[in-house]
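Copied over from TrEMBL:
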TRANSMEM  12-34  transmembrane segment
TRANSMEM  74-95  transmembrane segment
TRANSMEM  116-133  transmembrane segment
TRANSMEM  153-173  transmembrane segment
DOMAIN    162-284  domain 'Fatty acid hydroxylase'
TRANSMEM  218-241  transmembrane segment
Amino acid sequence: QEEKLWHAMKITAYVLGTGLLIFTALANGFSWYVQNMWDTLGRFCQTRWLEFYYLFEGDEWKIYLLGAGLVPSLAFWCFNGVLMVADVTGKPAFITRYRIQLGKNDPVDTKKLRQAIYVALFNQFFISLPMLVPMFSVMKWWGNTFSKELPTFRWFLVELSVFTLIEEILFYYTHRLVHLPLLYKHIHKKHHEWTAPIGVVSIYAHPAEHILSNTLPVMAGPMIMGSHIISITAWFSLALITTSISHCGYHLPFLPSPEFHDFHHLKFNQCYGVLGVLDYLHGTDTVFRKAKAYERHKVLLSLTPLSESIPEAPKRAE
């Protein structure tokens, strides 16, 4: 029995040892490959950045306006341009079949849409753009926003986590603030004219709200971290596109779920935040969690609309 036990232990040690060696070799090979690809991509980005930097002769103001102003705005309007075509024409069906609130904005009221576009453009040119001026001074004070050396991708991921956390906190509480009856009546009600929102409505707001809830929560992170202009460009573009997705009215495949914020526009007193963490802690998502929208609040990994795979419960006969 002892001999059999010893034999079994030797076989086990051999199998485990061999497996460990193979796993270590594969892990080292994979990590070497990833690191090599990472370094190659980093060198490519660094070279392109220096070319761009010298193209503008190191003029930090021009680089800043392009990176913090023009590129995010183009990302916003290009993305929403596609959505607005679907909103107005009902085509392509690949987009419109994923409508969240069925029968709403089908098609969108063009008069309301024009008004939303005018307000969005006003907020961008006369609110957001002037706010970049004091931000520029803050970034200059930090001294590394226009560095010739790009931040590492690992550091950008750290920054992105901090930006997201700061935005969640500031947006949640400022958003709840403008839902107080007096502020809602005179400020936030404008944004809630759209109970079934579309993408461009993400910045359709009273100027005071656009400063307090839309712009400051996004700008605060880079100003606190003293971020590089490339990080600022990526973050501003990402923030504008994700808020457009949250308002777009379509639960499209492989994109973040917009169900959470769409439910806020439908019910008004639920789902104030971005990630939902503070809503959970403050209990401002209790109705949402009992709704079909909560079951659909996930990344759609198939081409079947969630309104079909998770349909609303049939209404009871009166």
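Cβ from N, Cα, C; glycine included.
Keep in mind that what you see is a predicted model, and the values were worked out from it rather than measured.
Listed as Cβ neighbours of the transmembrane segment (74-95) (distance under 8 Å, sequence separation of 6 or more from its ends, same chain) are residues 105-108, 110, 113, 124, 198-200, 203, 237, 240-241, 244, 248-250, 252.
Within the domain 'Fatty acid hydroxylase' (162-284), the DSSP-based counts of helix, strand and coil residues read 86 helix, 1 strand, 36 coil.
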